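Below: one structure, written as structure tokens.
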Amino acid sequence: MGERKGIPIALGLLAMLLFFIASSSSSHLVRASEDADDAIFYESFDEDFDGRWIVSDKEDYNGVWKHAKSDGHDDYGLLVSEQARKYAIVKKLDEPVSLKDGTVVLQFETRLQNGLECGGAYIKYLRPQESGWKPKEFDNESPYSIMFGPDKCGATNKVHFIFKHKNPKSGEYVEHHLKYPPSVPSDKLTHVYTAFLKPDNELQILIDGEEKKKANFLSSEDFEPPLIPSKTIPDPDDKKPEDWDERAKIPDPSAVKPDDWDEDAPMEILDEEAEKPEGWLDDEPEEIDDPEATKPEDWDDEEDGEWEAPKIENPKCEAAPGCGEWKRPMKRNPAYKGKWSAPYIDNPNYKGIWKPREIPNPEYFELEKPDFEPIAALGIEIWTMQDGILFDNILIANDDKVAESYRETTWKPKFTIEKEKQKAEDEAATGSDGIAGFQKKVFDLLYKIADIPFLSDHKSKIYDLIEKAEKQPNLTIGILVAVVVVFVSIFFRLIFGGKKPAKVEKKPERTEASNNQGGAENEENKEKEEASNAPRRRPRRED
């Protein structure tokens, strides 16, 4: 026993040691140099962004950007500081970056310090201002070449990669979305997102240096809509002929309903041969008031109404074949045939499913590689319900080795510290507060189980068990097992019935089936009524 008691203490000390190591290491991060000549563009946010980045003056974008440290580090980043706001900020590049020649690497770090339930954390790589936008008026309509980064809200959970491409035939810009993009990491650690645009038309998406998606810009399997339109399209002016018959089968026009076909015969009839089982208790109700139930001391007749004892199954019915009024079971009607309909035959006039004829697509073009617009600025334009989103170490390079080097020197040290800290906190919680936390989760679960409508008759007993467990935490596991046993017993009773089935001499399975017909709705209404009439208990104390 002494060794067991020492385990949580040892774990706690280990956790504190790891946390101390992590904290003391945070001031020794290795940073890439801002003036490094191996990057086309690099922003570390070591210096305040004010005067270098331009915040949009658009009325809707009232979120406040801050120059702030990443939690637990001396490293600064660009911080989303308020919840439920729109944010827009832009950074003009010294020279536009071409995406047409050679490899281009887009990389940046984000840390969702408060998690991300609904919001974006992506970057837009903007076209030159000649395309129609101004930094002070930057918004969601500002034209971009590429949009890349995490986005999560509702059913959306993906790392976007979207590019806009000008159709050389129509002159219109079309937005092409990466199909099946990777999901956003769900933790609160710093993650680095990398996109490689390669000269062979290949796209690679990496998260934390690990490849998560590979695609080809020219493949219709990888982007929606595809970059290269189809050669032909359905003729919009082609109309289906009025006499076009798409029915593969039709009712046989020569078929005639037989003279002995009775459409009015019911599907089921009373089984006149069935007999009431011996020992059936006609005068006993199926349920009676619980004789052990007592009116709660805090029950107020004026406020709560007249108290009624909860119902329990009549114990006399357990030993009998059944209670209450006996009714004959139903059986299938041998004369039943249902509505007559003519059998189907092959349609002699069938021409197949009509489709308009194909014509050449006026917007079709051939392309060996995407004709990307150059990147003239970087913009962060997001809407989010969370604060605490931190952007850092934004990089544009023309070599994947450069991006890898920056990941090793800027992202990896921070991520390692955060992982160690998280591990220490988890081990500390498991070693000291793990049991108490587990018990609280168990109690919360038990209270939720007790509130299930079909357990209303047993709510009092379940509450009593929970109250005992709260007073004696060492009984938590035993109490949980007891409640699970009660729950499973009630579940099987509901599924398979609480009484012995009526014993009839003929087709007992039809008796059971007929008694269950229409019973689901009645059972549901009964459960609702019982739940509403159940005696009120004093609400449980919230922690």
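First residue shown is number 1, and so on along the chain.
Cβ coordinates are placed from backbone N, Cα and C, and glycine is handled just like the others.
Whatever TrEMBL says is automated annotation, not expert-curated.
Sequence annotations record features per position, and here TrEMBL assigns compositional bias 'Basic and acidic residues' to 234-250 (among others).
Here TrEMBL flags 260-291 (among others) as compositional bias 'Acidic residues'.
According to TrEMBL, the compositional bias 'Acidic residues' annotation covers 298-307 (among others).
As annotated by TrEMBL, compositional bias 'Basic and acidic residues' applies to 502-512 (among others).
Annotation for Cys153 (disulfide bond): spatial neighbours Glu117, Cys118, Gly119, Gly120, Met385, criterion Cβ-Cβ under 8 Å with sequence separation of six or more. Among the features that TrEMBL reports, disulfide bond is placed at Cys118-Cys153.
Residues annotated as region 'Disordered' in TrEMBL: 218-320 (among others).
Look at TrEMBL and you will find 501-543 (among others) tagged as region 'Disordered'.
According to TrEMBL, the feature signal peptide maps to 1-26.
Annotated transmembrane segment per TrEMBL: 475-496, in sequence order.
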Against which stretches of its own chain does the compositional bias 'Basic and acidic residues' (234-250) lie, if we need a Cβ under 8 Å and a gap of at least six residues from its ends? 344-347, 349-359
Three-state composition of the compositional bias 'Acidic residues' (260-291), taking helix and strand from DSSP: 0 helix, 7 strand, 25 coil
Taking DSSP helix as H, G and I and strand as E and B, the compositional bias 'Acidic residues' (298-307) has 4 helix, 0 strand, 6 coil
Provide the number of Cβ atoms within 10 Å of the Cβ of Cys118 (disulfide bond), excluding the reference atom itself. 14
